Amino acid sequence: MSYKSHQLIKDHDVKWVDLRFTDTKGKQQHVTMPARDALDDEFFEAGKMFDGSSIAGWKGIEASDMILMPDDSTAVLDPFTEEPTLILVCDIIEPSTMQGYERDPRNIAKRAEEYLKSTGIGDTVFVGPEPEFFIFDEVKFKSDISGSMFKIFSEQASWNTDADIESGNKGHRPGVKGGYFPVPPVDHDHEIRTAMCNALEEMGLVVEVHHHEVATAGQNEIGVKFNTLVAKADEVQTLKYCVHNVADAYGKTVTFMPKPLYGDNGSGMHVHMSISKDGKNTFAGEGYAGLSETALYFIGGIIKHGKALNGFTNPSTNSYKRLVPGFEAPVMLAYSARNRSASIRIPYVSSPKARRIEARFPDPAANPYLAFAALLMAGLDGIQNKIHPGDAADKNLYDLPPEEAKEIPQVCGSLKEALEELDKGRAFLTKGGVFTDEFIDAYIELKSEEEIKVRTFVHPLEYDLYYSV
């Protein structure tokens, strides 16, 4: 059999193969092996054994053996290694059955795609996420029994207008909420973003746009072309890898955490979605904003299950510091054409082929495999049960009087609430065995540990508020 990997190894004299997978929390992991061992066809049938008990939320030590099964279609050269290295994304396989591990996020995403086909609603779901991030010059933080702190260093930050800078303070920097999107020199990050885009293109992603985002201190976005669900989740992990490593090469540091700065915009990951059947966009129609009834029902499913979705789309305590009014983060579970204060937006498009919906509440802390799969399952449940989203909200939802605002459902206010909603509202996720109860239980337990740790940790602001009581 002919393998793409074998050709790349031979053509580029590849010395090492890097096997990658994503854990439950969304962090990409890897193990590296000599390229000569990947030239055997058996490698793509038998995979590589590893210890699953070392991955949080997976196996116990008494049954820890698992298999990394490489996906040859994902083979790509790593532009950051000194020695020629080939990257292969892997699925996690259960050795006893040689089937996909039910807690492997990539396998969950694959099952979601298969479930879509089984419903007859469509054969392909297209996903286009927009993960935002911050580029800092340096960051320091600590949290232990002696105290806690964090400090961000950013030459372009608005708070550095009077700072002593070795190369001189040139004064050109975006203010709070002023980063969208002046030309250089106010945009300090143009060159590094371009380098990031070059690396992304080298790794096979199709860059559509890059720009500075709203917040000061280096908030940025790189827009990449949409793809099918699993492929796009793979690409999100590639994007994070590229962005982190280019920043490191420039002597800078990147974070995808949703709200690193108090008082300025946080980073979202708006997710564009549409479903195709027999090559036709099922979301295009003659209804509101050019949507079909199918698309409206899809929106209805996301709105109905919005709070449960938060457990996967906004999976950190920090996520809920972003989801507050006043910083362009949507907190109202409503939909509208072009209205960015609604949690579901219908972007303007010139062609029905591009008709889609945009979920605006997710953030880049999310595991992309789990978030995209969960959004799809919510939308499909809406279609199957004909859940209409009601009237569109074409006014600024941030300015609604209290009596109107209370009639509109909102996203969760905390990770604790999101996990509780996920626990009690999970039925739409377990259809077709896409998400299993065992996985959801393990996920909730894993994320609850984070929530409890943050909730019980002594916060520096508490000293400011209460030290002198």
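Yeah, the Cβs are placed from backbone N, Cα and C, and that goes for glycine too.
From a predicted model like this one, the values you see are computed outputs, not experimental measurements.
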Quiz item: Glu132, Glu221 bind Mg(2+) 2 according to Swiss-Prot; which of Glu138, Glu213 goes with them?
Solution: Glu213
Quiz item: Of the candidates Glu42, Glu45, Glu358, which does Swiss-Prot annotate as part of the Mg(2+) 1 site that also includes Glu130, His270?
Solution: Glu358
Quiz item: Counting other Cβ atoms within 10 Å of each Cβ, which of the binding-site residues Gly266, Arg322, Glu358 scores lowest?
Solution: Glu358
Quiz item: Around Glu130 (Mg(2+) 1 binding site), how many other C-beta atoms are within 10 angstroms of its C-beta?
Solution: 20
Quiz item: Mean pLDDT for the domain 'GS catalytic' (105-469), as a whole number?
Solution: 95
Practice problem: Specify the nearest of the recorded positions Glu130, His270, Tyr398 to Arg360 (L-glutamate binding site), where nearness means the distance between Cα atoms. | Solution: His270
Exercise. Determine the minimum-neighbour residue: among His270, Arg340, Arg360, listed as binding-site residues, which Cβ has the fewest other Cβ atoms within 10 angstroms?
Key: Arg340
